[in-house]
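Only one structure is covered here, and it is reproduced in the block below.
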Amino acid sequence: MWTPRVPPPRPALSFFLLLLLGVTYGLFPEEPPPLSVAPRDYLSHYPVFVGSGPGRLTAAEGAEDLNIQRVLRVNRTLFIGDRDNLYQVELEPSTSTELRYQRKLTWRSNPSDIDVCRMKGKQEGECRNFVKVLLLRDESTLFVCGSNAFNPICANYSMDTLQLLGDSISGMARCPYDPKHANVALFSDGMLFTATVTDFLAIDAVIYRSLGDRPTLRTVKHDSKWFKEPYFVHAVEWGSHVYFFFREIAMEFNYLEKVVVSRVARVCKNDVGGSPRVLEKQWTSFLKARLNCSVPGDSHFYFNVLQAVTGVVSLGGRPVILAVFSTPSNSIPGSAVCAFDMNQVAAVFEGRFREQKSPESIWTPVPEDQVPRPRPGCCAAPGMQYNASSALPDEILNFVKTHPLMDEAVPSLGHSPWIVRTLMRHQLTRVAVDVGAGPWGNQTIVFLGSEAGTVLKFLVKPNASVSGTTGPSIFLEEFETYRPDRCGRPSSAGEWGQRLLSLELDAASGGLLAAFPRCVVRVPVARCQLYSGCMKNCIGSQDPYCGWAPDGSCIFLRPGTSATFEQDVSGASTSGLGDCTGLLRASLSDDRAGLVSVNLLVTSSVAAFVVGAVVSGFSVGWFVGLRERRELARRKDKEAILAHGGSEAVLSVSRLGERRGTGPGGRGGAGGGPGGPPEALLAPLMQNGWTKAALLHGGPHDLDTGLLPTPEQTPLPQKRLPTPHPHAHALGSRAWDHSHALLSASASTSLLLLAPARASEQPQVPAEPGPESRLCAPRSCRASHPGDFPLTPHASPDRRRVVSAPTGPLDPSVGDGLPGPWSPPATSSLRRPGPHGPPTAALRRTHTFNSGEARPGGHRPRRHPPADSTHLLPCGTGERTAPPVP
């Protein structure tokens, strides 16, 4: 059998893949790799805090792992908010190899609060006091809030001694119930501004103002126009407003299912709420707008998920905030850094409003002539038309309540991201910025932290022009911050333990404070010692923190340093600086575990698709060919069977005599032809009550196959005739026609009874008529109508005859039926194979009662009188019975 073989790869396929690779590089430009990758062995030199106290090298034996929630740096002191504990850690000296706490505050939940928490269905590990708010209230006071087993509580503590100051207060609307929920908080003018949830089920999201000398205010409750499942990220104070940065589901895109967008909202610090009729004890200055961080083009590519925001910094004389955005989890992985000018943010809140006139309509801008005056959202103050927000007209208050969304989005500086990283293994979620890097303090370094603790360091050069664009950012370095030997191995800590919580710059010590759930690591901002001994590498690193010293070392440069050094952050050619071993770019991509090449990924995907398509095509072709080959083999097998062993199955039974006469056995041979004795073909023709052994075992007479029925003599299908009238039993042509039709109909469901060819050689032995024959006439006379019963056959030697045999049992209850089936007499001419077996003698030829079916011409001379069928005719036609078969 032919088996297909898969052809070898053709040069055309290889050429196609190479061409595809070239096109891919053109469509997806490769992102620049870092100029340097810090070796992982440097992690062992970084100081780490894991809960160790004074005089301890490690945490106390048997102590729980840390579960850090908040980190606050105040000058040279670091406060770490943990589960049930608050630590005070001194950051000096900066050369220490271990960070230890100097003071520790244990703040556990009450047993009653824990019992209530467990009754509400929470786990034991959740019913603890997690520090979620950690703020500096004044120069000597810390404001701390904890979840307190899903019953938030807040208190004031001394910053120096961690002693409780005053009584505790409720943390509702100031601290979330669940430690997994996000929240932001800040103090401004002695008032606490928080953004969190106010209920146990985290349904009611709120921006809340409390404490201070002004009334408590909150956002409208359960209004999707104000909030729709928000996730609060950061809050900053600027001017007379407090700005909140968050992401939420956009109601203006309700026709696009759930679309997450980034927002900035603001409220006036001096807002005192609305009138008793509208917005009482609620914000009257709350407005929100969208943050636009997208790649420009015919169709903008948006980074909609806000991850982190810096404080307000000055870049080129502008108040700027930097924000990290990412794509949704079900989209192409990517992150971007966009900068926003606070002046442009404020200008958007002075623009047009957006509204939805009906729940089914889309959101459209509100015409300026429909905006009431004074402008909704403004800060009412003494000296203005309205001295306080509570004095505003109801028209303005109603407009603010129903139109909190601005029509325009806040554009990013340069209308494009400053930094874009796509197809990273982990998204960027944290950001820290140093706007005074370098010996002259005029360089801007951006540190981006990923979910797994990998930090990317970029040098950005913002343009001081009005457009606010920036030049190409330089990817300086990539380094790790998570210490698995102290913070826990990824196999045990998992992704949760390695998640980067915060990234804060400690410029005084030249380091970064990276907080993880189980540890806090201080990492230097630069590793200049890696380039010592090679001037080309030190200067080629373009790192503002590093410079080449005359003694042949690469040193760390602090702002205002007076040391002599060489540095080039512009990226000029270093060809004239000589060569040295371990060139910088030669070892860049040795261990870039956090990045994946776009070109490699796209090319591999397309190549896998092409190869899979080719293999699938060959597989389908092979299976189709296999099915065709099996079908061909099946047809050949059938033909072989018919040609060798089954020829008698398709030949006319009337030709068996010729096959026997011409076969190897001939008539007198013993073989009986190549297909065996023809009696084997006739055995299945016998029905119940007739023996097959008489044909298979033979007898004293051979079977004359020439006398078998031909297709022309095959009876026609039986057609049931209408029942004649009971009085139609008189003599005449009508009675004969009825009997003739009865005989024809009964013959169609009967067997073929054959007589041997040598029947004429046997003497005629008269036999006594059986009981059925003697009773035939009386029973037939009693019949009122013909029944579907077979006829009694009679032998006739003159020609081939077809008679009827019984095909089913007779119903003895029918008293007016025709005579029952005929049984052959027990004569000496019929031999039995056993004492009880049926006769095995060959059957004699019989005559068909339907003379119309006899084949004309060519018959042998008649040796016996024709059979008498008068007993089947209606009453009065005769009393004769059929003579027995001799």
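Keep in mind that glycine also has a Cβ here, set from the backbone N, Cα and C atoms.
For 662-674, the entry in Swiss-Prot reads compositional bias 'Gly residues'. Feature annotation from Swiss-Prot assigns disulfide bond to C117-C127, C145-C154, C268-C379, C293-C338, C487-C519, C528-C546, C534-C580, C538-C554; the stated evidence is sequence analysis. For 32-525, the entry in Swiss-Prot reads domain 'Sema', with the evidence type sequence analysis. Taken from Swiss-Prot, the feature N-linked glycosylation site covers N75, N156, N292, N387, N442, N463, and the record attributes it to sequence analysis. Swiss-Prot lists R667 with the feature omega-N-methylarginine, giving a large-scale study or a structure entry as the kind of evidence. If you look up Swiss-Prot, you'll see 27-605 marked as topological domain 'Extracellular', on the strength of sequence analysis. The topological domain 'Cytoplasmic' feature in Swiss-Prot is assigned to 627-886. Summarising the annotation, Swiss-Prot assigns transmembrane segment to 606-626.
Within the set of disulfide-bonded residues (C117, C534, C546, C580), the lowest number of other Cβ atoms found within 10 Å of a Cβ is recorded at C580. Neighbour counts were taken at the CB atom with a 10 A radius for the disulfide-bonded residues C145, C338, C519, C528; the maximum falls on C145.
For the disulfide-bonded residues shown (C268, C293, C379, C538, C554), fewest C-beta neighbours within 10 angstroms: C379. When the glycosylation sites N75, N156, N292, N442, N463 are compared by the number of other CB atoms within 10 angstroms of each CB, N75 has the fewest.
Fewest other C-beta atoms within 10 angstroms, among the disulfide-bonded residues C127, C154, C487, are seen around C127. Of all the recorded positions in the list C379, N387, N463, C580, the shortest Cα-Cα distance to C546 (disulfide bond) is found for C580. Put simply, of the recorded positions C145, C268, N292, C528, C534, the one whose Cα is nearest the Cα of C554 (disulfide bond) is C528. Residue environment of N387 (N-linked glycosylation site) contains 11 other Cβ atoms, counted within 10 Å of its Cβ in all protein chains. C487 (disulfide bond) carries a helical DSSP state (H, G or I). The average pLDDT the prediction assigns to the topological domain 'Extracellular' (27-605) is 89.
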